[in-house]
Amino acid sequence: MLKRSFRFHNTGANTVDKKEIDHFQNFLEEWWNEFGSMKALHSMNKLRVPFIRDGLVNSGRIRDKIKTPTALEGVSLLDVGCGGGILSEPLARLGCNVTGLDANPNAIELAKHHSEKQGLKINYAASSVEEHASQYFETYDAVVASEVLEHVTQKNEFVDACIKCLKPNGSIFITTISKTNLAYFLGILVSENVLRLLPRGTHQFEKLIEPSRLQRILEDYDCRTELIHGMCYNFLTNTWHWCPDTSINYALHAVKIKSED
Amino acid sequence: MKSQKFPIAAVRACAYSDSVSKTHYDIIISGGGMIGSSLACTLGKNTRLSNKRILLLEAGKEKSYSFTGKYSNRVVSLNPATHKLLNDINAWSHIKNSRFAAVKRLQVWDAISDACITFGDENAIEDISYIVENDLLLDAVSKELKNVNNVEVIYNTRAKEYSLPLHNEDKVQITLENGSSITCSLLLGCDGFNSHVRKAMQTQYVTWNYNQMGIVATMELSEEIQNVIAWQRFLPTGPIAFLPLNSKQSSLVWSTVPDEAKKLLQISEAEFVDAINGAMYQTYQHSNIIDTATKIFDNFVRFFNWPVDMSRRYPPKISRIEEGSRAAFPLGFGHAASYISKGVALVGDAAHRIHPLAGQGVNLGFGDIICLNEVLGNAVSCGSVINDLSYLKEYETQRQRYNVPTMLGVDGLYRLYNNDFAPVVLLRSLGLQATHAINPVKDKVIDWAS
Ligand SMILES: Cc1cc2nc3c(=O)[nH]c(=O)nc-3n(C[C@H](O)[C@H](O)[C@H](O)COP(=O)(O)OP(=O)(O)OC[C@H]3O[C@@H](n4cnc5c(N)ncnc54)[C@H](O)[C@@H]3O)c2cc1C
């Protein structure tokens, strides 16, 4: 089942780290267990889905259908690093035309399998965003990179590729872990070793990025940051909350500015 | 809601979100009493759930309310939150066009001590609660339900067996009495205090019977009055309450020990009327210590100049009861340890049953409806599946946080008053006086009691 041929092959230069892919293999089955090792990603949906939804509504890209079951109808959205589809599926349910990318073909298999069972139409592809950008220039109304940037070594190239896929005036949504001592302590040491929320080795400190640096990179690629929110996790109740403090986890919404020429 | 009979023949060809098959529904509500019907109407009118296919299943036949002039002996007291919900789903307009009574003042007093507490003011604009006949409420909601096109209603059909999912993604399967079976993603058990849905969940259920029966009747007053006060007097055998219906009639809810209840059902209607008047007016022997203590407390209150409303009123005299309106119901307490499980949630009496002494039973159920409607709407706007367990859990947590203290409070009141041991009477009369005297406390109590 895992040996299908993919439209996108993992070739050439990209920002995907080989070690990272192997690591994810180990807990693929765990993806869809809402109370298993991915529970923090599942529960994060209660924060990040409204963040994306309201961001798109507020940026005026879509008509306000917030009171309907398909508030994001007709929005084309690219979910970069979609994994098993934990975020792609709710976005598709809200009416988005979702394309989910993940460099790990096994994750994509799993995602396809699950979304079919759910009766959702999601276009999943095992590919890096760099490859995707070369074919799908300025295609999407929105690009989402949620909890992936902390696994990427070459940040600039990654962000550049994401933004290439985005239509002018389109929105990019990023959630990631900040690069502070506190984030290192809570986000990595405690959650991987003490609380075992994540398997050991999930995150490496050098790959983390603080909000100000991310904002500068986005500016370099013609994106104006609209909003940065801190996110706090309560591991006792497995719930996320918005907070002013962006020193551990944060969410960012930026809009691609129409080029002058 | 158009098809009355099973199998469901006339299912509209419509692109429903989660469903593919004709016998699959996103939501099935089992039990179409006041709570199940109102829930169906509320969810059906929630625009965020407009692509969900909903079925309401009721074992009984479709009832129609006839406005005969005679009041039904089964009435409920609806609090402002319930009133608002019924207004929001437009069911209240049907009730308003028919009849209801607004309660502006509530007087509660103790037969063994002189302690008394009153809430509200007859001349105030705000209402404390609304007295509505059960059948009228059900009729109003059913009428409104006919305007909701994503809800089907099937009457005369009892669910025989529920098979609940082991995994979150599996469906709930329901076998009907006629042998056919239907499935759903989310089953909402509104099948009353004897809930079979709850039994299928195998959740722990804490229950006990009060050694009491609730006697109801429709009463004629001896003279025409403004009738905006609800009265409740605690007798040694249980509370007796008058709820206003109109200027000439009130409804009786009298909880008492089974022996006395039996007697009250057997005596002639004229004797029954005397018994009611006696229960409201009869003086019981006060013990000296209680009298002295309550007096001291009174002086104490006066000394500190706390605002006290000592304007005690006397309830209306009853001249006769509506023929044949006398009836009795067993009273019990019950609470499910969990309201939810994979693919299922309990709502209303199926989850909790209380003593009617505070008139809270159906209001707790309406509170469940308000909360569940909000939670399911949120789940859908966040792109979650309708049976997402973490959202259902939010419903359970929010409701138990409210219901459990309320139920224990009502049960505590029952125990406090079902006792004529002097120290307990003393405690409760001082308590009643204290709540009466101290406005912030009173505001809290009224919040909770209306
Ligand atoms: C004497 C007395 C006085 C009361 N006074 C008040 C008051 O003043 N204020 C107040 O708020 N509350 C009062 N209550 C409580 C109130 O009546 C209940 O809380 C309320 O009726 C509960 O409504 P429900 O819809 O949850 O359950 P129910 O009214 O019990 O409805 C359950 C429904 O489910 C259906 N059903 C059951 N099994 C199945 C099945 N297998 N398949 C299909 N359908 C099924 C039944 O036919 C029924 O219609 C009083 C109760 C009593 C006994």
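Backbone N, Cα and C atoms are what each Cβ position is placed from, and that goes for glycine too.
Bear in mind that the values here come from a model prediction, so they are computed numbers and not experimental data.
Within A:Arg48, A:Arg53, A:Arg200, the residue that TrEMBL lists together with A:Gly81, A:Asp102, A:Ser146 for binding S-adenosyl-L-methionine is A:Arg48. One way to see the shell of the Mg(2+) site is to take the Cβ centroid of A:Glu147, A:Glu150, A:His151; the remaining same-chain residues with a Cβ within 8 Å of it are A:Gly81, A:Val148, A:Leu149, A:Val152, A:Thr176, A:Ile177, A:His203, A:Lys207. Of all the binding-site residues listed here (A:Arg48, A:Gly81, A:Asp102), A:Gly81 has the Cα closest to the Cα of A:Glu147 (Mg(2+) binding site). A gap of 17 Å separates the Cα atoms of A:Glu150 (Mg(2+) binding site) and A:Arg48 (S-adenosyl-L-methionine binding site). Residue pair A:Asp102 (S-adenosyl-L-methionine binding site) / A:His151 (Mg(2+) binding site) shows a Cα separation of 12 Å. Across the fold, the C-alpha of A:Arg48 (S-adenosyl-L-methionine binding site) and the C-alpha of A:His151 (Mg(2+) binding site) stand 19 Å from each other. Note on A:Glu147 (Mg(2+) binding site): other Cβ atoms within 10 Å of its Cβ, all shown chains, come to 20.
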